[in-house]
Structure formats: structure tokens, C-alpha cells
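Visitor: The structure's right below; bear with me while I get my questions together.
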Amino acid sequence: MKNLPDLVVALDFPDVQPALDLARRLQGVVPWVKVGLELYLAAGKDMIARLKDMDFRVFLDLKFMDIPNTVDAAVFQATCMGADMLTVHALGGEAMCRAAQTGRDRALLPGRMPPVLLAVTVLTSMGPGSLPWNPGGTAEELHDFTVRLAGLAQNWNLDGVVCSGREVRAIRASCGDGFRLLTPGIRLPDAGAGDQSRVCTPCQAARDGSDFLVVGRPITQAADPVAAARTYLEKREA
Ligand code: C5P
């Protein structure tokens, strides 16, 4: 039987202090934290080192998409910083995704685990009709496009993809067990979706075969974030 997915808490804060305060409270509760654009721009690479010193595994989610040479250099820097997981956009194409792997491999020190390199398929905030080239698109077309991007990312040798819970089952079936699936847009039934569109419960994503569940606002904005994190951990099973 497959292990339960790890919970990744997105530390989406505009400043260092609230991010560190919450991280301290989450020590020993969740193994992974995510540093995204907002916190990285506010806090810089020191934040990665501080979270690593607290024994977290750090997902640096900057969703690189640029020319291959630039992405190679960006992934090199992110790997040197000690990030344990990184993202590029699948829509950047094969040359860019392979350049990301070159940057990662150049930065590796002997004995260090390489960071997991994931391709973002279609943002979980996007619903049917929000692909710019297919404004009248259906949910099924969006689903199929996402699954197709995942297959391409696998052919390009990436470690896995970021997808919504709605595509996990199909991607797991077509890409197999070793391919890592990370799922944002995770919500309990009574939680607000915010700007997310393709949301899914922790239990459904776990059952369909996700490896990582990313939860931000339902935990960071809860009255008791630690209790909320524990609830999301428990709800992977029921
Ligand atoms: O607050 P919420 O749970 O919606 O946060 C989800 C987190 O996952 C955000 O930090 C967002 O940047 C990230 N993310 C996402 N959809 C993707 C990739 C990353 O929501 N496709």
C-alpha cells in the first residue's frame, strides 16, 4: 500500500518574522515547508538556510520559466542554497526543462541528495476556459491537457509534476508509481477556496496517489495554525 502523502505548509507571508514564528510552531508537526515568490522576495536566501537549520525540508517554489540558459543558472543557485524541491513550468518546453536538470547536476556536492525537480502543469487556480488559447474550453479538455503535460515532463526526465487533485488519478495511472505528484489547492469541504479553482480534499488526493499535499491559507490564516495542520494531516485518511 502507498504511504500517505507528506504535508507541505506554504509559508506565504510578506515578512521574515511571521514565517519563522509559524515555522517554529510547526517543527515536529510537518516535515516540509514551502517558500514561494512572496516570502523569497521578502526574505531572500537566508530564509532557506534558517528553515534548513530548523530541520525542515524546503520546497522552493519559484516556478522558473525563462530561456534555458537562465533556468540552468537559476536552478544551479537554488540547488546551492540547499532547496530540497524546486519547480519549473512545463510550458517552458523540453530544452528549458532539460537545462533545469543540467543546472541541478552542476550544483550537486558529493553525498548530497539532489533536489526533486517538478514541472508545474496547469495552475490550480485555473479552471475550464482559463487557458488563454482555449477560452471556451471544457473541464475535460483542461484535464486532458494537464495529463498530457505530465507525460511530456516525464519524457523529459523530470522527477514529477505539480497538478490539481482532479488529475492525480489519471497521471498516476499513466506515469506510474515512481513519478512524484504534488498537489496544491487542497481544501477540507468547509474551507474557502479563495482564488483556487481545481480544489480537492486531502483524503481524495491521498487516495488517488498524490505524494505531497500543499496547504497554505487554511493553515496560515487559521486561528490555531498548528491545530489546523494536525487536522489536515488526519484528514489524509478519512
Ligand atoms: O493558500 P493555498 O492553500 O491556496 O496555497 C497554495 C500554495 O500552492 C500557494 O503558495 C501557491 O503559490 C502554490 N501553488 C498553487 N498551484 C500550483 C502551484 C503552486 O496553488 N499549481
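Glycine is no exception: its Cβ is also placed from the backbone N, Cα and C atoms.
The following feature annotations were taken from TrEMBL:
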| type | residues | note |
| --- | --- | --- |
| DOMAIN | 6-232 | domain 'Orotidine 5'-phosphate decarboxylase' |
| BINDING | Asp12, Lys34, 61-70, Thr124, Arg187, Gln196, 216-217 | substrate binding site |
| ACT_SITE | Asp61 | active site, for OMPdecase activity |
| ACT_SITE | Lys63 | active site, proton donor |
| ACT_SITE | Lys63 | active site, for OMPdecase activity |
| ACT_SITE | Asp66 | active site, for OMPdecase activity |
Visitor: Under a three-state reduction of DSSP output, how is Pro68 (substrate binding site) classified: helix, strand, or coil?
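Guide: Once the DSSP labels are grouped into three classes, Pro68 (substrate binding site) ends up as helix.
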Visitor: Any of the binding-site residues Asp12, Leu62, Thr124 with a C-beta atom under 6 A from ligand 1? Give them in order, or none.
Guide: Asp12, Thr124
Visitor: Can you check which residues sit near Thr124 (substrate binding site), meaning Cβ under 8 Å from its Cβ, same chain, 6 or more apart in sequence, and list them in order?
Guide: Cys163, Ser164, Thr183, Pro184, Gly185, Gln196, Ser197, Arg198, Val199
Visitor: Which has the fewest other CB atoms in a 10 Å radius around its CB: Asp12, Asp61, the listed recorded positions?
Guide: Asp12
Visitor: Let me check the 10 A CB neighbour count of Gly216 (substrate binding site). How many other CB atoms are there?
Guide: 20
Visitor: How big is the gap, in Å, between the Cα of Asp12 (substrate binding site) and that of Asp61 (active site, for OMPdecase activity), rounded to a whole number?
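Guide: The Cα atom of Asp12 (substrate binding site) is 11 Å away from the Cα atom of Asp61 (active site, for OMPdecase activity).
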